[in-house]
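K.L.:
The structure's right below; bear with me while I get my questions together.
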Amino acid sequence: MVFLFHTFCCLSRLKAVVPNLFSCRDPIFIIQISNGAVPGESVKKDENSRRGNWGNQIEFVLTSVGYAVGLGAFMLPYFIMLVFCGIPLFFLELSFGQFASLGCLGVWKISPMFKGVGYGMMVVSTYIGIYYNVVICIAFYYFFMSMTSLLPWTYCNNPWNTPDCSGVVGSGSQLNGSLANVTSSLVAGVSEAVNRSKRTSPSEEYWKHYVLNISDDIGNFGEVRLPILGCLAISWVVVFLCLIRGVKSSGKVVYFTATFPYVVLTILFIRGITLDGAINGIKYYLTPQWQKVLDAKVWGDAASQIFYSLGCAWGGLITMASYNKFHNNCFRDSIIISITNCATSVYAGFVIFSILGFMAHHLNVPVSEVADHGPGLAFVAYPEALTLLPISPLWSLLFFFMLILLGLGTQFCLLETLVTAVVDEIGTDWIIRNKTVVTLSVAIVGFLLGVPLTTRAGIYWLLLMDNYAASFSLVIISCIMCICVMYVYGHTNYFKDVEMMLGFPPPLFFKVCWRFISPLIISFILIFTVIQYKPITYNDYVYPGWSLGIGFCMALSSVICIPIYAIYKISRSPGATFRERLKYACRAHPKWGPALQEHRIGRYAPMASDDTLEPSVGEIPLAGDLYIL
């Protein structure tokens with residue numbers, strides 16, 4: 001199966017905006033009107049003036065659409081997993097962040113003992129942010145190298161080519177393809193190339209021997225690849241400049257970064273379907289393989305693809321939703337964004353397979369022999385197919401520019417997740433006024449930590465991080481989040497919170513999914529991940545044991561935050577017995593709830609004094625349905 005745009009998902013942002021028609025001193029009108037915005041209406045000031053909001057509703061939608069764009073080629077399992085796991089989890093995280101108007105750390109006022117989940121999300125986002133920008137910088141490099149009359153990976157007459165090189169331009173030789181697997185952040189966790197062969201393509205040798213100049217071992221770093229390092233600097237500068245004013249600036253950028261990829265996809269689609277053999281590629285794409293429907297691996301792959309493509313448990317969904325206005329209809333947003341994600345996946349499949357069908361026709365081989373399912377598709381197979389087109393540099397420029405925009409959209413959200421968590425946690429007026437300094441600091445640290453990935457051994461480390469740093473840890477984090485919200489805080493309480501925010505309770509389908517179906521699917525993904533585990537390899541290279549140990553340490557570093565913080569919180573909680581301490585640590589913080597005073601109504605209405613908000617241990621039960629006696 002081919003996945004191209006998996007991790008190039010970028011969180012779409014949707015914020016309700018309406019004119020300030022009534023006096024801001026009238027809380028009734030503020031609650032009932034100022035948030036029920038419609039697209040296109042202007043806004044005079046932010047609802048949350050201290051923290052800020054999206055400029056308008058469209059900004060949030062576009063940002064989220066860019067964040068959640070994945071490609072799934074197994075239609076039936078893909079759609080089923082989308083409906084029963086993807087959309088419910090997406091809605092859960094959007095409503096969670098929007099209700100509290102806090103990032104992935106602050107929202108755990110809902111049950112302070114579980115704040116380690118927020119720290120785990122930060123760790124995951126840090127790992128992904130480090131290596132993800134390296135992927136973007138490689139796309140930058142290919143983009144710059146496409147500014148020529150002849151693509152450098154067209155022929156085999158270059159200094160870096162070997163005697164095994166055999167080009168497809170002007171040749172009828174068969175393509176069995178040795179397609180290198182580059183970074184499975186472009187796909188849903190795929191880490192091995194396929195179709196290894198007697199022949200090596202010019203694009204593969206350009207990738208391995210010129211772009212990477214890859215070393216023979218993960219411990220043999222060699223020199224830094226200066227062109228890649230320069231592109232990495234450009235990537236971080238672009239990300240910083242787009243986030244220099246937080247969501248105020250990135251919200252404007254996404255008008256271009258989230259929409260232009262669709263323009264490029266359409267151009268490539270029109271060009272692709274006019275090529276000889278394109279129909280064969282599309283038939284291969286659409287023809288179901290019913291014999292595999294009962295294969296557990298297919299369903300596991302589909303569930304993992306949905307889970308990772310929508311960006312659940314990264315902290316980005318919670319962060320972006322926290323900048324929505326309180327009464328924004330995030331239920332509608334989750335439906336729109338998830339369906340857009342699915343539709344884009346199908347559309348992108350037509351684009352990819354039309355070109356691959358043409359390539360298979362040109363080489364007189366089956367489509368299955370040219371279809372790769374790794375990042376090799378982005379940096380080896382697809383670039384090679386582009387060399388067969390007239391004016392190939394133009395199509396290459398468009399293709400890699402699209403990848404850059406898709407990648408930047410996701411990187412915006414990853415960086416904003418970390419910055420927002422830091423700013424919300426410190427919360428002082430100085431840190432809020434100087435949020436740009438925090439953004440710059442995070443960008444500089446991210447660049448420095450990414451430098452080792454630009455060495456000759458960088459691709460080994462990039463793959464190691466992608467396979468271990470953000471794999472099963474995301475599944476564990478998401479599962480614990482569901483358990484905390486539904487069973488510790490209590491599903492009844494959370495349903496009331498959503499109803500207070502949206503004006504209507506969550507539909508029955510989502511209630512059932514949040515409590516039962518989605519956690520079961522998440523558990524299935526985790527079990528599947530463990531059962532199907534295989535040590536990472538890169539082509540013929542087998543990773544040494546010590547490197548796999550580092551990989552497992554990266555994976556555990558995010559999950560271990562959860563029990564460590566829970567133990568810390570319980571030990572610092574008042575109470576004569578462990579049961580009392582545990583009950584206190586699980587209970588929602590007095591400040592949990594809507595961020596603005598005008599929204600704190602009903603059970604969140606302020607008491608006579610702050611002191612009355614802090615009951616003594618044993619005075620009330622756990623906030624939800626799970627009681628500790």
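Heads up, the Cβ atoms here are built off N, Cα and C, so glycines get one too.
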K.L.:
Check TrEMBL and name the cysteine among C137, C165 that pairs with C156 in a disulfide.
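P.N.:
In TrEMBL, C156 forms its disulfide bond with C165.
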K.L.:
Taking 3+ C-beta pairs under 8 angstroms (sequence gap of 6 or more) as contact, is the transmembrane segment (335-360) in contact with the transmembrane segment (512-533)?
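P.N.:
No, the transmembrane segment (335-360) and the transmembrane segment (512-533) are not in contact.
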K.L.:
Nearest to C165 (disulfide bond) by Cα, among S309, N341, L406 (binding-site residues)?
P.N.:
L406
K.L.:
Between the stretches 253-273, 306-323, 394-415, 468-491, 512-533, which wins on the count of C-beta pairs under 8 angstroms to the transmembrane segment (120-144)?
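P.N.:
Stretch with the highest Cβ contact count: 394-415.
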K.L.:
Using a 10 Å radius around its CB, how many other CB atoms surround N341 (Na(+) binding site)?
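P.N.:
Looking across every protein chain shown, the total is 28.
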K.L.:
From the binding-site residues S309, N341, L406, pick the residue whose C-alpha lies nearest to the C-alpha of C156 (disulfide bond).
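P.N.:
Nearest candidate: L406.
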K.L.:
Between the transmembrane segment (226-244) and the transmembrane segment (468-491), do 3 or more CB pairs sit under 8 angstroms, pairs being 6 or more residues apart?
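P.N.:
They do not touch: fewer than three Cβ pairs between the two stretches lie under 8 Å.
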K.L.:
In the same chain, which residue numbers or ranges, 6 or more beyond the ends of the transmembrane segment (226-244), come under 8 angstroms Cβ to Cβ?
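P.N.:
Here the qualifying positions are 133-134, 136-138, 140-141, 144, 211, 250, 253, 408, 411-412, 415-416, 419, 436, 439-440, 443-444, 446-447, 450-451, 454, 458.
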K.L.:
Residues sitting near the transmembrane segment (436-462): Cβ under 8 Å, six or more positions beyond its termini, same chain?
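P.N.:
Residues 129-131, 133-135, 137, 182-183, 212-215, 217-225, 228-229, 232-233, 236, 239-240, 243-246, 415, 418-419, 422-423, 538, 541, 543, 547.
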